[in-house]
Amino acid sequence: MGNIRKKTNKNPPVLSHEFVIQNHADIVSCVAMVFLLGLMFEVTSKFAVLFITVQYNVTISTNGPDETAVNHFHHGIKDLATVFFYMLVAIIMHAIIQEYVLDKINRKKHFSKTKHSKFNESGQLSAFYLFSFGWGASILLSENFLSNPVTLWEGYPHTLMPFQMKFYFICQLGYWLHALPELYFQKTKKEDIPRQLVYIFLYLVHIAGAYILNLNRLGLVLLVLHYFVELLFHVSRLVYFSNENRQTGFTIWAVLFVLGRLLTLSLSVLTVGFGLATAENQGFDLAAGNFNVIFVRITVLAAICLTQAFMMWKFINFQLRRWREHAQAQTLKKKQVPSKSKSKKDKANGVNGVNSHAADSPRARKEKSS
């Protein structure tokens, strides 16, 4: 009876906050399975396909001796259903990484509460940035965007995307949307929520903006560049948690962070400010997906510039705080060294004082006179 009582105390009531938090991965897996099972039946398959497969397929036949059909995709309102499904997938993946990798490391290392939450954050983001950077870089190479930068604005609007690019943007939006319920599932501290909401909002606005305005090529290049720099920071933080003397990664990251901001601004101004401004296809046409008007161009550049300025401001504050902490640590070390030598002197004086006191005692005087 005692064992049963213990178990019932440990298990929270069904559908309570604690129950949902503990079992959120299983609940979300069940919801995802409903969509997958829907594919098996003819009645529900049309509905389930909206969530699981990439929508708005356009087949283009290439002219040549071997005429082949190539599938391209454009965006639309049905993409919201696909984004929702891959948001569920992101929640499941988050739970798998947490349970089978990060929690095991945490148990071995015995981190403090502050380090524990920072380690989890960096561990999750390192896995995501590594995956996104690798996938994004492979798309850039296969589409030759890096070897020919003119393609970033040439032929705008880029309404048609290859499957990999469209799926990449769907997964990106799904991941950053999943970060919102994760604030609840991970029991994020109240003081950390505003900071996390700001960067989730910035990611969603920029990714969705590039996707909707058909600036997907520029968006992809900037994301790959940004993810590489962020990956380096979070890997450096993981290394630092394992050994606090290893701080070289932060120095490399600091240099690349500044270069990354400059490259982002340069590419944005080159593509939006010059490339699109001098393009023949000017004008606003919602049906054709053309947003090449001065108001949209200024808004896009202003959003990018303000975000880069905000990131630089945060970076400078971070560096100043680090330098201050380092300076304080150095002054504490310097103070400790003289105090140690002083204490040694005091000890020596104490011994001499005892000896002189002993020498002045009546017994000692008697011995001297004899």
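Just so you know, glycine gets a Cβ as well, placed from its N, Cα and C.
Feature annotation from TrEMBL assigns compositional bias 'Basic residues' to 332-345. Residues annotated as compositional bias 'Basic and acidic residues' in TrEMBL: 360-370. The region 'Disordered' annotation in TrEMBL covers 330-370. Annotated transmembrane segment per TrEMBL: 83-102, 123-147, 197-214, 220-240, 252-274, 294-316, in sequence order.
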For the transmembrane segment (83-102), distant same-chain residues with Cβ under 8 A (at least six beyond the ends): 24-25, 28-29, 31-32, 35, 51-52, 119-120, 123-124, 127, 170-171, 173-175, 177-178, 181-182, 185
Mind checking which residues reach the transmembrane segment (197-214)? Cβ under 8 Å, same chain, six or more beyond either end. 75, 156-159, 169, 172-173, 176-177, 179-180, 183, 220, 222-223, 289-291, 296, 300, 303-304, 307
